[in-house]
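To keep things clear, I will list the structure first and then write my remarks on it.
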Ligand SMILES: C[C@H]1O[C@@H](n2cnc3c(N)ncnc32)[C@H](O)[C@@H]1O
Ligand SMILES: [Zn+2]
């Protein structure tokens, strides 16, 4: 007997071998997809009738700072350096472990509600984010943020904590948690420190999550300090590989794109954050054309200000159309690939596609809504018309986290109240 059967659904598999099924059935057993087809002879404990619904792989958020939900709307409309150094970092200096737990739990709740099934995070007090992931049932690749700032002592302490975290949580929560090293950026960590992090990550078999060329200020600072940009510096110290996740990558030259392609680096594109902080426009169409693996991230809630990847998909599509003056750039299916398959390639290739043998991370969207009527083309609706709030069911690793808009794994009211209280206390401490 199977665990879950989803029937009568439009199945957007994202599997190029099979294509979509207009009216099909998905069978889930022991956390994996065991059957996809028109019908099944199996029976299951849970049978979900997905009439008027779309089943698709859960969305993958490849760059966020989950606990920053506490700073949602806290310091808007500021220059990035002023925003980060003048507002966010002073507030983060007051963050307690409990705050991070409450903020991360709120993020998990928001992700479950908006159809994100896994995410990559770089932050502090990461044991707490890991506990929130464990409790919420989501999948995540987590890293402790290392901000050395040319201070050897701080670098040592950060690296020690990063290493402890990597080893403590690798493979935890039934394999739903992976760990990475999280050096913040090439303009906040020294060359020697970055090289040391690379070495540690290779030794531990852990990936690396880093911000790269988010701003022109970073590009100029790197040229001044090293006579070359971040991508060339990182390449020269042997930093890059397919286990590296590089967030933003806005200020790239064509040569940089070639390096990222050659090294198999995974890029996380954060369209909304880059637009809100006016960081610039990442050359996503060029990267995709050249074969770089580009996925989508929201960044933290202080620069977005939510975790809805459906918004991110639409924004990315629109941004690159207007940027290239070409409405054919980033068509809907390609954007869906970025939100699912490409993100999965960066975090866990056994997810991101509805295919027999893959882990069962999937979502069901309710298509019987005014803004989704009529429906000529499902991918078009998912990118241009749907919202995270159209997700009615979220399943991760074969477990139902939200069933028909009801979140089963968290006490929603309590999560919101606790986060609200923690945020208010934090801001009053910062202002005192
Ligand atoms: C892990 C660290 O990264 C910071 N952080 C959050 N958003 C951004 C961004 N867009 N660019 C650089 N750093 C950021 C967090 O505030 C934390 O200090
Ligand atoms: Zn970030």
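Cβ from N, Cα, C; glycine included.
Bear in mind that the values here come from a model prediction, so they are computed numbers and not experimental data.
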Checklist entry - Need a hand: TrEMBL gives 92, 184, 299 for substrate, which of 153, 156, 214, 216 is also on that list? => result 214
Item to check | Cα distance (Å, whole number) from residue 299 (Zn(2+) binding site) to residue 184 (substrate binding site) | outcome: 13
Checklist entry - Roughly how many Å separate the Cα of residue 299 (Zn(2+) binding site) from that of residue 214 (substrate binding site), to the nearest whole number? => result 12
Checklist entry - Which binding-site residues, if any, among 92, 214, 299 have a Cβ under 6 Å from ligand 2, given in order along the chain? => result 299
Checklist entry - Taking the domain 'Amidohydrolase-related' (54-400) alone, what is its mean pLDDT? => result 98
Checklist entry - So which of 63, 211, 214, listed as binding-site residues, have a Cβ under 6 Å from an atom of ligand 1? => result 211, 214
